[in-house]
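Record features (TrEMBL):
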ACT_SITE  A:LYS128  active site, schiff-base intermediate with DXP
BINDING   A:GLY189, A:ALA215, A:GLY216, A:ASN237, A:THR238  1-deoxy-D-xylulose 5-phosphate binding site
DOMAIN    A:37-282  domain 'Thiazole synthase ThiG'
REGION    A:1-27  region 'Disordered'
Amino acid sequence: MSQAPSGRAVPASEWSRPPGPALSGAVEPVESDELVIAGRSYGSRLLVGTGKFAAHEVMRDSLLASGAEIVTVALRRVDLDRAGEGDVLDFVPPGMTLLPNTSGAADAAEALRLARLGRAATGTGLVKLEVTPDPRTLAPDPIETLRAAELMVADGFTVLPYCSADPVLARRLEEAGCATVMPLGSWIGSNRGLRTRDAIEAIVAGAGVPVIVDAGLGVPSDAAEAMEIGAAAVLVNTAIAVAADPVRMARAFALATVAGRLGHLAGQAGTGTATAASASSPLTGFLGALGTPANGNGRVAG
Amino acid sequence: MVDRPPPASAPAPTPPTGPARAQIVVNGAARVVADGQPLPDLLAELGLRPGSVVVERNGVAITPSELSGIRLADGDTLEIVRAVAGG
């Protein structure tokens, strides 16, 4: 500590101290901390959807900026009158794992049919199971989702189900053999954030498979919040694709996901009350008062 | 969405006499092809690059390795799908 002779503050440049470690602006994960899904490891805990980008090139650049290793695609009937249109797969950077979804499925049978087409298209058995018969909310149908999961597991798929934020359903999906559970943060595309926080915490507490928060995360801090409460990963599409600058937003979500994960691993400090502070500076050893009696009584510290 | 019944369409026009024809349904539309036509030939006719699409025949997804061995027969129903951008 620097003394203050004659009341003069000694500048840091006059101190003698050993050089410390260089501070860098590094924000990459500082430890090996891989996401493991069905025995396969991934370095990124941010999964990204490919929908809604204004152009394939923007999508490609955003995927690169996100650092994602798993990206979702959908399957749709080819419009035979426009057979030559650009192929989205040409713009997914090589090395990224494709996760075909079953969007558009209204029941388990349709979902299984789409999953099989997705497997034929991508050559992987990974499938993002989604059964969303309600066009208004696109809420996942829990009964058909569980039924589809059972059929898909029996057919050899690695199943990542989009599901309601329901700890009982999550447990049932895990018991059915799903590789993850993917409860919603809020409605698909709504950007309303982690409205299901308490339920997600309960799911995390009971899950033996990775919990991936899918849908509704609207800003990077939503992703950080999900990771802080113990989500294994997040899946983001609309918030990136529809941002004014999708590439920059992809990077922001990547950093927030890492930040939230590190915050979770670091162990959260306890939360205080609304009516009292807890001083973070010592409450003893105050300076002698200047021009007032030096008794220190009644002082506070911030 | 692929699981939709084909729209009720008028039967395809009867082809002139010649090699055996097969009436099939492709993405909901009736179509007449040569009986036994290899599936890759049909895809080429439709302007589709092999490998950019996946075909389901009569409800069964066809893997890329199986594609070249498939020959079309009367009554076949095909769904030709592709990966598209999506969450």
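Glycine residues also receive a Cβ, built from the backbone N, Cα and C atoms like all the rest.
TrEMBL feature annotations superimposed on the structure.
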| residue | record | Cβ within 10 Å |
| --- | --- | --- |
| A:LYS128 | active site, schiff-base intermediate with DXP | 28 |
| A:GLY189 | 1-deoxy-D-xylulose 5-phosphate binding site | 19 |
| A:ALA215 | 1-deoxy-D-xylulose 5-phosphate binding site | 28 |
| A:GLY216 | 1-deoxy-D-xylulose 5-phosphate binding site | 23 |
| A:ASN237 | 1-deoxy-D-xylulose 5-phosphate binding site | 24 |
| A:THR238 | 1-deoxy-D-xylulose 5-phosphate binding site | 19 |
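Taken residue by residue with DSSP, the residue listed as 'active site, schiff-base intermediate with DXP' is part of a strand. Within the set A:GLY189, A:ALA215, A:GLY216, A:ASN237, A:THR238 that the record links to 1-deoxy-D-xylulose 5-phosphate, no two Cα atoms are more than 9 Å apart, and one pair reaches that distance. Per-residue pLDDT, averaged over the domain 'Thiazole synthase ThiG' (A:37-282), rounds to 95.
According to DSSP, A:THR238 (1-deoxy-D-xylulose 5-phosphate binding site) sits within a helical segment. Taking the C-alpha positions, the distance from A:THR238 (1-deoxy-D-xylulose 5-phosphate binding site) to A:LYS128 (active site, schiff-base intermediate with DXP) comes to 17 Å. Straight-line distance linking the Cα atoms of A:GLY189 (1-deoxy-D-xylulose 5-phosphate binding site) and A:LYS128 (active site, schiff-base intermediate with DXP), rounded to a whole number, equals 16 Å.
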